[in-house]
Amino acid sequence: MSSLALSQLLLAVTLPLLELEPTFVPTAQSELSPYGGKSGQQLNQYSGEGESVLVSSYVHLEFSSTAWPQELSKNFTLPTALAVLPPKTLTGLGLTTECRANHSGTSLCTCHPGYQWNATLCSLYPHCWGRRSERDSCMCRSFHGPVTGYCQLLPPVPANLILDSQLQMHGNTLNLILLKKEEATNLRWFLRHSKNHTPISLWPGTNVLQTSSEGQSGLRVARMSRHWAGEYESIFEAQGFRWRLRQLVKVPLQEEEVVRLPDALSISCTASTGFQLSCCIPLTTDYTATWSPGEDSQASLQKMSDSQCFVLAVPHCPATNTTYTCTLQSQNLPPLVAPVSITIIQDGDTTCPEDFSVVSWNVTKAGFVAQAPCPVNKKGVVKRLCGTDGIWRPVQNTCTEAKILTLCLKAKLLEGQGKPYEEVPWILSELQEQVGVASTPSDLWEMLHTVTLLAKVVAETSTELTGSALKDLLTTTDKILDANISALWTLAQAQEPSMGSDFLKAVETLVHSLRPQQHPFSFSSANVLLQSQLLRHSSPPGYQMSFSTWPLLQARIPWHSLAPLVHSGTNVSITSLVLQKLDYRLPSNYTQGLWNTPYTTPGLILVVSITADGQAFTQAEVIMDYEDMNGTLHCVFWDHRVFQGQGGWSDEGCEVHAANASITQCICQHLTAFSILMSQHTVPENPTLDLLSQVGTGASVLALLVCLAIYGLVWRVVVRNKVAFFRHTTLFNMVICLLVADTCFLGSPFLPSGYHSLICLVTAFLCHFFYLATFFWMLAQALVLAHQLLFVFHQLSKHVVLSLMVMLGYLCPLGFAGVTLGLYLPQRKYLWEGKCFLNGGGVMLYSFSEPVLAIVGVNGLVLVIAVLKLLRPSLSEGPTVEKRQALVGVLKALLILTPIFGLTWGLGVATLFDGSIVSHYAFSILNSLQGVFILVFGCLTDKKVLEALRKRLRGSRSSNSAISMVTNETYTSEHSKERSEPASYEERMTD
């Protein structure tokens, strides 16, 4: 403190007065009084002759700052007003107030222990500068000019703060009770953390409940954690003073808060002689750590910005498998033990080799998970499983930006701590800067969770956002919806399907919270458009707004919906928000009336809100015009209440009107998030179509059984060369896969449907897998044929090609089917409603239709190559024969390859672009008869198969009547050494 020009001291002087006449006794300084009034009003009244009473006089002393202690030891001269009275004896001297004045004329007046400024004066004058921690205390006040009061003697404490136990377990409920002996007012609660002495105000939020009744008040914290540990303060006013009661609360460190890197380790002593173990805890906790065993090892402490790590450097491999233990201890708290198991890799153990992709992976024993730290400024761990076969599995990255985690934690603590009106805008400002650095699904999830938490806080506290804060929110939303992080959305939604719905609800809530003074307000970006305005008496009738989006969108609210609000004299604010691409991130959930039909959305969501005097209104008629929309349309809104809180599309209260040929009009009777569903080519339930599919599939099953019987009779005869072997092997596996798939399809209607039925789930999985396998075997046949056509003289190894075909035919579809099951079953989107088959929405599209159509495309390309080869002129034949053979070859290729390669699935494309029933009939009939096509064109039109079948049926056993197999290569016959002539291309089609 700077040098002081003058020091003042206020004393409480206690005097016994004998035989006094009843009178008022003034203080030494008449300008000083407890409440800033005249001190002459203070008295002790003499109650009778011969009695003795005590009179307290407050004496104002002034002296130099360096000599005042010595002045106190001198004899006091009583003021003149007291000197005329009979002799007095000084029985007590108490220091009440010490004031130090600086050169600017400001006096800092501090109360001595046992005294305090009264509550009225305490609220009138500021706390002493530089003593922020005491700003809610009445121990020191700053006066600019004359000091207008003095500290008073405190009465007994009028309340008690009760806590069941200082030690609170994680997740438990904390209950603090303030028992009041006197009437208390202006009660407030604060929390001081052990590492931060700044008090944090507590308010009634999601995690905090404040109660009050006669004689007591309470504070309840619903879910305790280390972020709620510290010293709780209760500040209130009673008996004219401000009181502060404190209670210390501790929360033990939890096991999940201890980060062990690694938590388990397999090590090869030949590749590495030593290793390092880390045991990290939050910096805010007061713990010490010890490692055991610790012999011949060096332990150290490393402190980061928000954590501290106890590191053990082990220079040598232990002789056997060892468990190292990190024991964490804190005063008056139970110890916490964090074990780390070390496994020594022995000779002969299966291991994964060193790998330096992404991060450095050391030699790891099969079945163990290797761990690596996250990059700088990220929290979490990078994991990678070493499979039992010694092959590294994909990297699992759970790293999250430390700054994003900090913002999310601050938003979480706003459920009862801090000042939302200050911290919500700050978090929004910081968050929009972090979107650009998001690189993992956990980054995206934490950002969306932060916005959701902020929305809850804003709704609970009725916090109003400034235009700047709302702009930060909309900028963040625009970046989150950008296509650059679309891959993060897919991965994150696999773990949290409702995150898109929660984000939509949060943005709706925050947009509603714009201050009325900020209207009108507008914002425009690539993915977010917002327009808001105030309606007054002078506003034109109704409300209308247009957006330059695709499809073009206009929204209006008729005057009859707004008139009651405007005529009441309140300022009505209307906000229209368009979010593009967010509808793609919402779950594919549809309420009753919209089931069993795959839909698409135009890529935008319209959110309309009406607010009057801070109150949101949900009922109003909204008319929306969408331009250039085709197909069957449904006007819908996103209902957050359905599907166990995940939300879903509903058409309740909305109806569609065709305004004209190019405009579709939606009219809804409520305010929420609107969109339009496009089911461009929906075919209604058709019993005839279903019957034809069942009959065709049954015929296909019978045909496939006949085909298997034929192969059982003639197999050894027809596969005597490589080309024939490859062709008939693919056909045989196609028959097996299609037979199993069709059988499951026919039996599925007789099974109990739903996710509770295991047999239903198994049937759906088998249908998916074997139908896919059928087409992958078709692809294998096409690729083998393409090789024979393009590389005539290249020899193929039977074992290599067979292995490749098996991998392509079974492992690839198994991967598709397994991933689909893992992604969509937890979301309950795997099954078609009421059926034991794949969901007809996005599941069918992405996991079945797209792979099938891709295979059909490749097979179509092979067909084109075959046709071009057939049209190539032959040098050995004349023009007439050449033309005839070319035409015959084309017809044969079209008739055989089209059904065999599944090109009839190309009709599926027609069902996407043609809404007529004809394309659906053609598609269903042709594909249900796939097994019949394989029997006819794969077996019965093959002259070699027919010849072998006839001979087998006639009982011919002669080995000399071997069927001549014509291939695209020269070969030596099993019974003849003569060269055969090269086969024509059309013959290769049938081989």
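Note that Cβ sites are derived from N, Cα and C of the backbone, with glycine treated the same way.
According to Swiss-Prot, the protein has these features:
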type	residues	note
CARBOHYD	Asn75	N-linked glycosylation site
CARBOHYD	Asn102	N-linked glycosylation site
CARBOHYD	Asn118	N-linked glycosylation site
CARBOHYD	Asn321	N-linked glycosylation site
CARBOHYD	Asn362	N-linked glycosylation site
CARBOHYD	Asn484	N-linked glycosylation site
DOMAIN	519-684	domain 'GAIN-B'
CARBOHYD	Asn571	N-linked glycosylation site
CARBOHYD	Asn589	N-linked glycosylation site
CARBOHYD	Asn630	N-linked glycosylation site
REGION	635-684	region 'GPS'
CARBOHYD	Asn660	N-linked glycosylation site
TRANSMEM	695-715	transmembrane segment
TOPO_DOM	716-730	topological domain 'Cytoplasmic'
TRANSMEM	731-751	transmembrane segment
TRANSMEM	758-778	transmembrane segment
TOPO_DOM	779-799	topological domain 'Cytoplasmic'
TRANSMEM	800-820	transmembrane segment
TRANSMEM	851-871	transmembrane segment
TOPO_DOM	872-892	topological domain 'Cytoplasmic'
TRANSMEM	893-913	transmembrane segment
TRANSMEM	917-937	transmembrane segment
TOPO_DOM	938-991	topological domain 'Cytoplasmic'
COMPBIAS	972-991	compositional bias 'Basic and acidic residues'
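For the pair formed by Asn362 (N-linked glycosylation site) and Asn102 (N-linked glycosylation site), distance between Cα atoms is given as 68 Å, rounded to the nearest Å.
Among the glycosylation sites Asn118, Asn321, Asn484, Asn589, the residue whose Cα lies closest in space to that of Asn571 (N-linked glycosylation site) is Asn589.
Using a 10 Å radius centred on the Cβ of Asn321 (N-linked glycosylation site) and all shown protein chains, the other Cβ atoms total 11. Taking H, G and I as helix, E and B as strand and the rest as coil, DSSP gives the region 'GPS' (635-684) the counts 0 helix, 26 strand, 24 coil.
Where the transmembrane segment (695-715) meets the stretches 731-751, 758-778, 851-871, 917-937, the count of C-beta pairs under 8 angstroms peaks at 917-937. Straight-line distance linking the Cα atoms of Asn484 (N-linked glycosylation site) and Asn589 (N-linked glycosylation site), rounded to a whole number, equals 25 Å. Around the Cβ of Asn589 (N-linked glycosylation site), a 10 Å sphere holds 24 further Cβ atoms from the protein chains shown.
The glycosylation sites shown are Asn102, Asn118, Asn589; of these, the one with its CA atom nearest the CA of Asn321 (N-linked glycosylation site) is Asn589.
Residues belonging to the topological domain 'Cytoplasmic' (938-991) score a mean pLDDT of 51 in the model. For the glycosylation sites listed here (Asn118, Asn362, Asn484, Asn571), the lowest count of other CB atoms within 10 A around the CB belongs to Asn484. Within 10 Å of the C-beta of Asn102 (N-linked glycosylation site) there are 15 other C-beta atoms, taking all protein chains into account.
Rounded to a whole value, the Cα-Cα separation of Asn118 (N-linked glycosylation site) and Asn589 (N-linked glycosylation site) is 63 Å. For Asn589 (N-linked glycosylation site) paired with Asn102 (N-linked glycosylation site), the C-alpha to C-alpha distance reads 71 Å.
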